[in-house]
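Copied from Swiss-Prot, the annotated features are:
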| type | residues | note |
| --- | --- | --- |
| TRANSMEM | 33-53 | transmembrane segment |
| TRANSMEM | 77-98 | transmembrane segment |
| BINDING | 83, 182 | heme b b562 binding site |
| BINDING | 97, 196 | heme b b566 binding site |
| TRANSMEM | 113-133 | transmembrane segment |
| TRANSMEM | 178-198 | transmembrane segment |
| BINDING | 201 | ubiquinone binding site |
| TRANSMEM | 226-246 | transmembrane segment |
| TRANSMEM | 288-308 | transmembrane segment |
| TRANSMEM | 320-340 | transmembrane segment |
| TRANSMEM | 347-367 | transmembrane segment |
């Protein structure tokens with residue numbers, strides 16, 4: 001008799017995606033982050049739903065509604081901190097997932113890669129709008145600075161900013177629409193994640209060697225379900241420790257002061273996971289140039305498949321490219337640090353040098369190094 005997972009139409013779909021899925025036998029723990037991201041997304045949606053039940057998207061009561069959730073709602077404090085720190089874990093997994101794809105050449109699965117970039121943009125937009133909702137000082141001024149960047153667009157910039165704000169300054173309409181979008185976007189992200197998986201299962205996963213694994217595949221369950229559960233336990237351990245022992249470690253103290261349009265904080269900065277892009281934005285003296293650099297810092301990922309000219313897909317056996325990859329990671333960490341510092345010397349200069357290194361490494365050094373490696377191996 002045929003098992004139900006193979007005969008039932010819905011179960012059959014789940015079976016092909018999670019149970020009998022043919023998977024390369026040599027994929028490492030770096031392939032765990034896809035399932036961890038799915039867990040983070042589910043966690044964010046569940047905790048977000050409970051928070052939305054008590055949150056008030058109104059400038060006069062938003063801040064006090066957050067205080068009410070933390071103090072008065074049963075287990076409200078843990079729901080709030082799981083949501084806030086869950087976002088940080090989400091981005092850690094997201095950056096590691098993208099980093100793994102760059103290192104092992106998974107970006108050559110074009111459809112999967114491009115939907116992944118769209119997911120990254122949507123997640124960043126969702127997180128930014130979520131940062132505005134507590135209506136603290138950093139929420140208000142962060143939203144003011146970032147939305148004001150649209151005014152750099154020639155001709156329509158000012159109108160666009162006022163359209164986003166819903167008035168001549170950030171206020172009630174802005175908070176209301178940001179809450180609506182912050183609530184809706186995770187469901188769009190979930191739908192796009194399904195498309196992302198659909199494209200991945202069309203081609204099959206890449207593997208560390210970057211070679212075809214058609215001749216050596218195993219079923220996803222039980223081998224990789226066990227492996228994913230191990231990753232999940234580690235993630236839960238870190239998230240629980242962060243939430244229970246140091247819940248405000250990654251938050252900004254300024255956000256515990258209610259929003260005041262008449263009092264500017266000494267140093268306006270976004271959440272830690274946007275600091276690298278914020279540092280690139282600040283390193284360009286021209287406003288429009290800064291905005292373009294900001295968007296290009298993420299959009300550059302979409303042209304990486306076109307810049308790939310190595311005879312090997314993975315960097316596993318390419319030491320020169322490996323050096324540049326780790327240079328890129330170091331540059332991003334430097335930019336994250338610079339983004340958290342005030343706009344003064346030597347931080348301005350370090351930020352400009354790091355931004356230049358970031359774009360030069362991806363656009364010039366990596367393709368050149370691939371050509372050198374091809375010649376060293378006498379493959380051309």
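Glycine is treated like the rest: Cβ placed from N, Cα and C.
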Cβ-Cβ under 8 Å with the transmembrane segment (226-246): same-chain residues at least 6 beyond its ends: 29, 32-33, 35-36, 39-40, 78, 81-82, 85-86, 88-89, 93
Distal contacts, the transmembrane segment (320-340) - CB-CB under 8 A, six or more residues away: 99, 102-103, 269-270, 272, 274-280, 282, 310, 347, 350-351, 354-355, 357-358, 361-362, 365-366, 369-370, 372-373
Binding-site residues (196, 201), the one with most neighbouring Cβ atoms at 10 Å: 196
Residue from 83, 182, 201 whose C-alpha is spatially nearest that of residue 97 (heme b b566 binding site), among the binding-site residues: 201
Distant-in-sequence neighbours of the transmembrane segment (347-367), which means Cβ under 8 A and at least six residues beyond its ends: 279-280, 282-284, 293, 296-297, 300, 304, 307-309, 321, 324, 327-328, 331-332, 334-335, 338-339, 341
Number of Cβ atoms other than its own within 10 Å, given for residue 97 (heme b b566 binding site): 20
In the chain carrying residue 83 (heme b b562 binding site), residues 6 or more apart in sequence that have Cβ under 8 angstroms from it: 44, 47, 48, 51
Other CB atoms, at most 10 A from the CB of residue 182 (heme b b562 binding site): 21
Euclidean distance between Cα atoms of residue 182 (heme b b562 binding site) and residue 196 (heme b b566 binding site), Å: 21
